[in-house]
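J.: Below is one structure. I have some questions about it.
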């Protein structure tokens with residue numbers, strides 16, 4: 001075998017091993033949904049359950065209902081490896097196939113797609129991640145981040161800590177540590193946390209974790225040990241989460257004072273810490289478990305029918321169900337867009353109308369078999385985030401348990417800051433297009 | 001500012017001696033683990049004069065094979081044995097398919113081949129084991145868990161993780177065994193001959209193919225030990241491949257051809273980056289250890305371009 005043959009063999013092996021699935025080509029009689037997923041690389045641990053949850057929900061709709069409104073869903077995955085450059089490549093490769101909406105599953109990719117969305121007229125749904133300021137629909141008509149922005153999440157976690165301490169006034173003098181992936185994602189809530197620190201008088205201690213050091217966090221946790229924060233808040237992803245939980249256990253940090261964002265709420269993340277991880281908390285906005293009729297339908301029509309490669313044990317886990325929630329929001333936006341436009345096969349522009357008119361009431365959630373799975377949510381032209389309540393869950397050593405009722409974000413504090421940040425973004429990226437899209441509500 | 005740079009860190013070290021000891025311990029353990037990774041690179045470099053880009057993914061591959069076999073119901077020790085066999089087959093395969101056709105080719109070709117091998121192993125590993133991180137079967141392998149805490153003064157505490165102690169011991173044993181093997185045996189001497197000149201080694205009857213297979217197998221064993229130890233500290237995932245490249249500054253510092261260099265280099269980087277991050281990192285917002293290691297290595301290079309223990313090659317015209 002010469003070098004050329006070897007190189008060719010390697011290229012084929014890489015393509016086979018890491019290209020993800022390439023499913024059906026876009027068809028004119030279907031609604032095309034590209035999924036930017038990552039089943040490979042350092043973030044695959046978080047990416048796989050989410051990708052499975054999304055794919056399986058869409059597959060279930062196709063199998064059970066024949067799609068949405070009688071039109072099949074044509075779902076195609078494109079592997080990004082959580083890499084912004086690859087994410088943009090996936091976007092460019094799929095946008096011409098009639099993409100309805102993009103779910104980048106990366107704040108880095110989302111930031112790259114924001115300027116493209118209004119040009120290509122394809123909405124981006126960064127569900128609970130991405131640029132917080134994009135919640136201002138007047139500035140970002142094509143970007144959606146319901147049900148919550150990172151700033152909403154940061155405000156909830158501070159509110160929860162205050163609740164534990166006996167009130168917001170009790171935060172004065174406290175030390176709150178913030179352990180974050182040193183990337184666009186982890187840095188996103190810092191402005192709000194700094195603002196809240198000033199407002200309520202607590203000290204914010206920052207512990208950045210470079211992407212290359214995700215599995216080597218002993219320095220960060222030594223600093224935690226020295227600084228003795230009263231609480232630790234984590235914005236982690238991929239391999240960073242289980243490592244942080246292990247290090248927290250190792251450092252003997254009180255786990256019931258360690259709270260992760262909803263992306264640090266995976267079952268594997270907490271389980272990595274073994275028995276010592278008991279007590280670890282995380283925010284969440286999607287149900288856990290398989291007792292929901294829609295999840296049961298996924299098992300019946302997709303998993304048991306052998307139409308998915310998802311391990312049955314994964315169904316119902318936090319991140320799998322998060323993928324289901326994301327897919328459900330897309331599906332409901334399609335349904336809404338079909339009602340609003342009278343069309344069955346949609347375009348990106350139709351999808352934006354569907355998203356801006358999305359009103360998931362408790363009754364509707366019950367109707368689709370997800371009663372209590374998520375808080376009712378409503379997106380409007382002005383508010384693309386909804387800033388819906390979230391709850392806190394706690395790891396009992398074997399599974400997550402919901403330990404609080406729904407917690408409202410501090411919208412009174414967050415919303416003006418979001419609007420100011422949106423204005424600032426538009427000014428810094430001038431000439432930012434003024435909204436011309438009519439409001440469907 | 002000057003106080004924060006030149007005085008405060010030392011005041012902290014004196015006023016919180018327990019914490020300083022903890023930092024030193026973490027630096028020691030991290031350094032030993034870096035040394036273990038660097039050792040894999042050194043072995044291949046000594047034998048073929050090439051930087052083995054695939055060493056990082058070999059760590060992941062070995063760890064995943066071990067855990068993957070155990071997940072299929074194979075007892076831990078048998079899985080360990082089978083993983084060693086797999087690494088042996090891999091070594092033979094690499095020698096047969098990658099190295100043998102490239103004998104006497106320029107080093108850059110061999111480097112490119114190891115890059116190709118990396119991507120092949122990434123794709124193959126994901127194809128066989130999936131992309132999900134897996135938990136290392138440390139307990140099943142009889143590795144100790146838990147920790148021992150030593151009280152110092154009124155509030156002082158130094159915590160030693162048993163797995164870290166085991167990692168240090170295993171690394172020391174492996175390094176000693178490899179040092180003896182390569183310095184005191186015929187194969188070791190043959191290896192040094194191969195490293196100096198492929199053609200000259202062949203001319204005196206040394207089997208290049210055999211030496212390369214042995215060295216790749218030894219590097220595979222080192223990768224397995226590294227995978228177990230790093231995997232036990234976090235988990236076994238493809239992110240470990242990135243950690244493996246922390247061995248680069250260790251190699252720059254210790255020299256690419258020296259086993260003691262890998263050890264001393266690993267320890268200097270381990271101690272240096274922990275002390276730097278903890279006592280000075282805060283001055284620039286933290287998270288400096290990913291590049292601090294390279295700064296330390298470059299400072300050493302100013303004084304010893306061949307690394308601490310690297311061979312000084314003088315080419316006369």
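FYI, residue positions are counted from 1 along the chain as it appears here.
Each Cβ is built from the backbone N, Cα and C atoms, and glycine gets one as well.
The transmembrane segment annotation in TrEMBL covers B:20-43, B:50-68, B:74-94, B:106-129, B:159-182, B:211-230, B:250-271, B:278-303.
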J.: Which one, B:20-43, B:50-68, B:211-230, has the most C-beta pairs under 8 Å toward the transmembrane segment (B:250-271)?
T.: B:20-43
J.: By a Cβ-Cβ criterion of under 8 Å, what residues six or more beyond either terminus of the transmembrane segment (B:278-303) are in contact with it?
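T.: Residues 4-5, 9, 12-13, 23, 246, 248-250, 252-253, 265, 268-269, 272.
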J.: Hey, which of B:50-68, B:74-94, B:106-129, B:159-182 has the most Cβ-Cβ pairs under 8 Å against the transmembrane segment (B:211-230)?
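T.: Per the Cβ count, the answer is B:50-68.
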J.: Can you work out which residues elsewhere in the same chain, 6+ from the ends of the transmembrane segment (B:20-43), have a Cβ less than 8 Å from its Cβ atoms?
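T.: Residues packing against the transmembrane segment (B:20-43) from afar: 12-13, 51-52, 55-56, 58-59, 152, 158-161, 164, 167-168, 171-172, 174-175, 178, 215, 218-219, 222-223, 225-226, 229-230, 233, 243-244, 246-247, 250-251, 254, 256-259, 261-263, 265-275, 278-279.
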J.: Residue list, the transmembrane segment (B:74-94) vs rest of chain: Cβ under 8 Å, 6 or more residues beyond ends.
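T.: That would be 58, 61-62, 65-66, 117, 137, 140-142, 213-217, 219-221, 223-224.
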